[in-house]
Structure formats: C-alpha cells, structure tokens
Amino acid sequence: MSIVSGKKRSSVDIAVPVHEPDGRPSSLSEEAGHIVTYGTAHSDNPFFVKDLEYTPEEEKRVIRILDTRLFPWILLTTFVLNMDRTNISNAISDDLPADLGFTINTVNTATAIYSVLFSIFCLSGAVIAKIAGPARWIPTLMFAWGLVTLAHALIKDKAGYLTVRCFIAITEGGVIPATLVYLGGFYKGTELATRLAWFWGVQTIASAVSGLMASGLLQLRGVQGLEGWKWLFIVDGIITLFVAIATWFYLPRNLARTKGGIRGFKPWFDEKQVQIAVTRVIHDDLSKRIYEKRVTWVDVKDSLTDIGIWGHLLISMVGLTPTTPLSTYLPTVIKSFHFDVFVANALTAPPYVLQCMVMVLLTRNSDRIRERGLHGAFGAGWQLVGWILLRALPKGTKRGVKYMAAVIVASWPSTHPLNIAWMSENTGSVGKRTIASGLIIGSANIYGVWGSQIYQANDSPDFRRGNFINIAFAGTAFLLWIAQKNIYRVRNARKAFKWAALSEKDKVEEENRKEERGNRSLTFKFTT
C-alpha cells in the first residue's frame, strides 16, 4: 500500500505524542489497512507531525472535506463580492449618470478613485488579516460593504456618488487578499490554481446573475419614488448583510477549530485527519508550521526586491487593463447594438458563464501538466483576438454579429487566478506571500486608474479609439507571459549551475537554510 510521509527523523528531533487543542494526548494506533505512528511534533504547531505516515486515500478524504465544507462557503463570499462590484455597470446602463446629472466621464473618475483606494486597502487588508485572523476579517469587511451598498440608494448628486464609490473601495479592498491568505492555510500551493480558477470563475457567474437580476429589478423604476438602479443596490445590499452575518459564524479559524457556530456540533476532522491536514500543508511550505505568523519588514523588503513578483504585478496591470472598460460598460455596449436596457443586461449573462467554464478548464490543464507561462499567453491571446474583432467590425454590421464579437471578448479565460497561483507557488514563505498577495490584488485593481479613461464620452457608442488601445494592452500582455516564463527558466538554470559548483559541506548548509532563504535558496525550483 502506498504511504505518504515526511522526511526521516534527524538526531535532534524528539519523538513526542501530539496533543489535542484541550491538552489531551492523542491516542493514535494502528488501523486496519493503514500505518499510523507517533511522529515528531513541532513545538511551533502541535498538530504538525514531521514523520506522520498516511495514505493518498486518507489525504484525499481530507481534501474532500475541505472542498465540500469550506471551499463552497468561500465561493459564496466571492459571489456576493462580485455581485456588488458588477451592479454598478448594470446601474449605469439604467441611466444612473443622467439621473444624477453627470456624464460617463464622471463615472470614469469614480472608477479611477475606486481603483486607487481598492489597491491601497488590498495591501493593508492582507496584513490586517494576519493580525485579526482572516476568518474574522472577511465577514467584517462584508458587513461593512453591505451597508455601503445600501447607501447607494441615498445618493442624489455627483458628490454623493463619488463618496459611496470611495467607501465601497475601502470596504471591499481587503477581502480578496485576506481570502488568499486564508486558503493558504488549508491547501497546498499545487492545489490552489484550480481552486482560484473557481474562485474567479464564480465571480463571473455572479456577474451573470447580477445581469439577470438587473433585467428584472431595473423595471421597478418609479416604485416608492426610486429609480430602478436604486432597487438593485438595495436588494444586493440586503443579500450581502445576510451572508456576512452567516459567514462570521461559519468560517473556521484554522484546521483544528472546525466545530461550533453553524458549522455543527462535531468537528470536520478526527484527530488523525487534523494531523494530516496540518502536516501536508506544512510539508508543502515549511514556513506555515507557525500558527498566525506575522509579517516582518524583512518580508516587505524581500518582496519588493524580487524580480519575479514584479513580473507578475506587471502582467496583472497590463493584461487586466482592458477589463475595466469591459466590466464597466458591457451592458451599455450591448445596449448600443440596439437592444433595450432590460435585454442588454440579460445578454451579459452568457459570456460570463462561458468565461467561467473556459477559465476553469484552462487552469485545470495548467495544473495537470504543471505549466503556467504558455497557458497564460493563450488567455491573453484569446482576449487580443476578441478586441481585434470588435474593433474591425464596420458600423453597419448586424447587431447579432456585434454581440458575438462582444461575447468573444467578455468570455476570454481570465488569466488572473493562474497568475496569482503562479506567483504564490514561486514565492517561498508565508510572510512574503502575504505581502505579495496584497501587492498582486492591488495591481489587479490599480490599472483601473488608466483603464477607466479608455472609453470616453466623445468616443461612444462604438468606442473605436478605445478598442484600439485595448488591442495594444492585450498584445503586450501576451508577450509578458512569454517573457515571465523565460525569466524563471533562466533563474532555474543559474541556480542549478551554482548548486553544482558547491562543495558537499556548502550543499548541506544550503539545505539547512532553505526555509530562511525562501525562493532565493539554491534548492528552490521555480515553476515555469
């Protein structure tokens, strides 16, 4: 029978029984068909057993519990997040600017401000999540932005609009990096890419649902003297507050604390499964053996001087720039094809659903063959082809053909989750990964500062100048993915060369310092 285990015990390891959270020693013994032993419990984490032996089937059971008990709730939180982020584009198609007395240029200004604030609070959100605990910080942020979403129903002018957009950015900014930090405590790095694809895939489903909801809720214009888009914000805000409260009582703080609240009276794992769940994650990344590890200035410096991280940030900022006009004005663009506002919002659903499917398939294949760069280039190339089609169509083209071009653009397999997973597995330590997570989510929103200016009022409704700019960004992103892959290949080759030149004594020292040095260690191999 196949057995999974950690490294062999060294002479300095002390064999001690692993204790439960209440201090009781565990009573592990041989089970039918499995080899179970007392192992080496690390002092930093009582559930980490260095020499713990378990079968692949036991590990799969642990992953299955996480995938059925934890991950669906994480998908629910990101569903609500993107439902609230998408509703502004639906509201704009319902003449929100005209109702409040301004043009889409003011919308662009608000989007730029939103992007700056969102990016700033992405970094602070990741750090606060490590201090307060992501299981508490995530629902707190959700409740806050739910209140701000409701506040959209109170705005009456340009000043009110700009104010609520600032506060929605502040409250939403920290939740995604906090979620990434949270998931890193439950899953191995090699398991995150596909799950992050579902994470962002569900966001596209939320955009589709938001469009369908808008097609109905916008028809409430005039009820209680409110515009249709205000009803959209009211309903979305109420849903968010309800989910936020439930999330507070559902998310476990860590693998060892899974009972209580609305999770149930029994823990998700038995004592052996807790050890498997913790040990496998720590063997994947030794820096995770310390619970609640804080971020240090060394982590900050290490992150800011890592060329690999800057490459991922550049890919995000360039490759995602065209999504700003796309996400803000997709219903409006479809409406310009001579569909009414209700039909236009409903027609945003198909491309978003298709995007989810293609993105998950692309990322799963990337996980399967352990390749990142070419898969990312494929996604960027898909977007490039879509923008070229939308830009090349003459004005007299039938609306069905124009809509299909919009579908191709909007359904591109977003490379963002692939980029994050690639960066995460090539980072090397929890503290550095926390900083990098905040940076990359920030970079994945700061592009809105310039991306918000691509579509201008004097370029509507076809936005031909804007689409030419989108082509330039998508083409550059395609080249950046190829460049990043080659950078990692060169770094691996240099490490291999330096390792071969070391003496046996130096190799032992390098092995002993691999956790301290993270991805700068000669033993660390970058995924390409």
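Any Cβ shown, glycine's included, is placed from N, Cα and C.
Pulled from TrEMBL, these are the features on record:
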type	residues	note
COMPBIAS	508-519	compositional bias 'Basic and acidic residues'
REGION	1-29	region 'Disordered'
REGION	508-528	region 'Disordered'
TRANSMEM	112-131	transmembrane segment
TRANSMEM	137-155	transmembrane segment
TRANSMEM	162-185	transmembrane segment
TRANSMEM	197-219	transmembrane segment
TRANSMEM	231-251	transmembrane segment
TRANSMEM	341-362	transmembrane segment
TRANSMEM	374-394	transmembrane segment
TRANSMEM	434-455	transmembrane segment
TRANSMEM	467-488	transmembrane segment
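At the 8 Å Cβ cutoff, the transmembrane segment (137-155) and the transmembrane segment (231-251) share at least 3 close pairs (sequence separation 6 or more) and count as touching.
If one looks beyond the transmembrane segment (197-219) by at least 6 residues along the same chain, the residues whose Cβ comes under 8 Å of a Cβ in the stretch are 71, 74-75, 78-83, 86-87, 90-91, 93-94, 179, 228-229, 231-232, 235-236, 327, 331, 341-343, 345-350, 352-353, 355-357, 359-360, 362-364, 414, 416-418.
In terms of C-beta pairs under 8 Å, the stretch of 112-131, 231-251, 434-455, 467-488 lying closest in packing to the transmembrane segment (374-394) is 467-488. Counted over residue pairs separated by six or more positions, the transmembrane segment (162-185) shares at least 3 Cβ pairs under 8 angstroms with the transmembrane segment (434-455), which defines the two as touching. Comparison of 112-131, 231-251, 467-488 by number of C-beta pairs under 8 angstroms to the transmembrane segment (434-455) places 112-131 first.
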